[in-house]
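J.: Attaching a single structure in structure tokens format; questions to follow.
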Amino acid sequence: MNILQEPIDFLKKDEIKNIDLSQMSKKERYKIWKRIPKCELHCHLDLCFSADFFLSCIRKYNLQPNLSDEEVLDYYLFAKGGKSLGEFVEKAIRVADIFHDYEVIEDLAKHAVFNKYKEGVVLMEFRYSPTFVAFKYKLDIELIHQAIVKGIKEVVELLDHKIHVALMCIGDTGHEAANIKASADFCLKHRADFVGFDHGGHEVDLKQYKEIFDYVRESGIPLSVHAGEDVTLPNLNTLYSAIQVLKVERIGHGIRVSESQELIDMVKEKNILLEVCPISNVLLKNAKSMDTHPIRQLYDAGVKVSVNSDDPGMFLTNINDDYEELYTHLNFTLEDFMKMNEWALEKSFMDSNIKDKVKNLYF
């Protein structure tokens, strides 16, 4: 991991009006996307890796000796898309094969932070599920957490704090060790390290877990849960429960808010931000195409949205790919992107001193 990188010349607001993206090649645009000071709120640390990193883990542990590199990537990852969120979750569970020991988990955290820095992210909220990382090899969640915190801290310090990183804890469903109550207890035990609490995995109506989420929220940990992502669900109950029962401050994905004017009005009134993950939504078939992705409708309706990469290891993408897609297919401008990042900064769960520093430096 080569820490020595050219510093990024981040865009200033007064520069934007002089940049004509329409006259640029794709390669030139990517240089601009990198220069946007990005605040990313929704990325799963346990699914944030490059193809090279993932393949090195597979080969190190001799996991698929009879498969070529291309076959390994097809077997585990979702870069070519699929049929549904359910299919994605099943593949993500396969990826837990690489969580073989604490060394690889620490290395994963280091690479994730460094790659986000190279992409031009200045404020990064990673989230991870202790039980998901632990379940395949029965690892100790305390030692997992120590490895992740150590890896993040080491790289942030090597980068002279040019990227600010925080963690959210996920209580999930969909694998044998999933236990939302245990994850909530773990989150509160390590509240010095976690800035928020989430639910991930299969999208379910979380009102059945109201007491657990109340317990976390009333203990001072804000909530952002996955809801309004899975278009195969027959109704919008997950969104209503997240907003009215759990009293979340943000929603992971939330794109199905676009299906209800009542929900649009509700998230605006309650100042709830939607952590939108455009490429993820298309690859999981929760949006039919990027041209028809609901983020355009939501943004135009005045809903606060931000741009996120979700599971870049599964998709073999990075956050700048999402910006390119939104520009190319939905005509979002640099001004729009700067506004979305200001919203993300405003709604970040990080300490106000860090947020003020980022705001003064970049916005």
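Residue numbering: from 1, along the chain as shown.
In case you wondered, yes, glycine gets a Cβ from its N, Cα and C as well.
As listed in Swiss-Prot for this protein:
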BINDING   H42, H44, H226, D310  Zn(2+) binding site
BINDING   H44, L45, D46, D172, G201, E229, H253, D310  purine D-ribonucleoside binding site
REGION    170-184  region 'Gating helix loop'
SITE      D172  site 'Important for substrate specificity for S-methyl-5'-thioadenosine'
J.: What is the nearest of the binding-site residues H42, H44, H226 to H253 (purine D-ribonucleoside binding site), using the Cα of each?
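T.: Going through H42, H44, H226 one by one, the Cα closest to that of H253 (purine D-ribonucleoside binding site) is H226.
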J.: Just checking the binding-site residues L45, D172, E229: which sit within 10 A of D310 (Zn(2+) binding site), CA to CA?
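T.: Of everything listed, what lies within 10 Å of D310 (Zn(2+) binding site) (Cα to Cα) is L45.
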J.: Setting H42, H44, H226, D310 aside, what same-chain residues sit with their Cβ within 8 Å of the center of the Cβ atoms that define the Zn(2+) site, listed in sequence order?
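T.: Neighbours found: C43, R127, G200, G252, H253, E275, C277, S280, N308, D311.
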J.: Over the region 'Gating helix loop' (170-184), work out the mean pLDDT and round it to an integer.
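T.: Averaging the confidence scores along the region 'Gating helix loop' (170-184) gives 84.
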J.: What Cα-Cα separation, expressed in whole Å, is found between D172 (purine D-ribonucleoside binding site) and H44 (Zn(2+) binding site)?
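T.: So the Cα of H44 (Zn(2+) binding site) lies 12 Å away from that of D172 (purine D-ribonucleoside binding site).
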J.: For the region 'Gating helix loop' (170-184), what are the DSSP-based totals of helix, strand and coil residues?
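T.: In the region 'Gating helix loop' (170-184), the DSSP-based counts are 5 helix, 4 strand, 6 coil.
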J.: Just how spread out is the purine D-ribonucleoside site if you go by the largest Cα to Cα distance in Å among H44, L45, D46, D172, G201, E229, H253, D310?
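T.: Value for the max Cα separation, rounded to a whole number: 20 Å.
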J.: At the level of the C-alpha atoms, what whole-angstrom distance separates H226 (Zn(2+) binding site) and G201 (purine D-ribonucleoside binding site)?
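T.: Computed Cα spacing between H226 (Zn(2+) binding site) and G201 (purine D-ribonucleoside binding site) is 8 Å.
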J.: Could you give the Cα-Cα distance between H42 (Zn(2+) binding site) and E229 (purine D-ribonucleoside binding site), in whole Å?
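T.: Between the alpha carbons of H42 (Zn(2+) binding site) and E229 (purine D-ribonucleoside binding site) there are 13 Å.
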J.: Three states by DSSP: which one describes E229 (purine D-ribonucleoside binding site)?
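T.: Reduced to three states, the DSSP call for E229 (purine D-ribonucleoside binding site) is coil.
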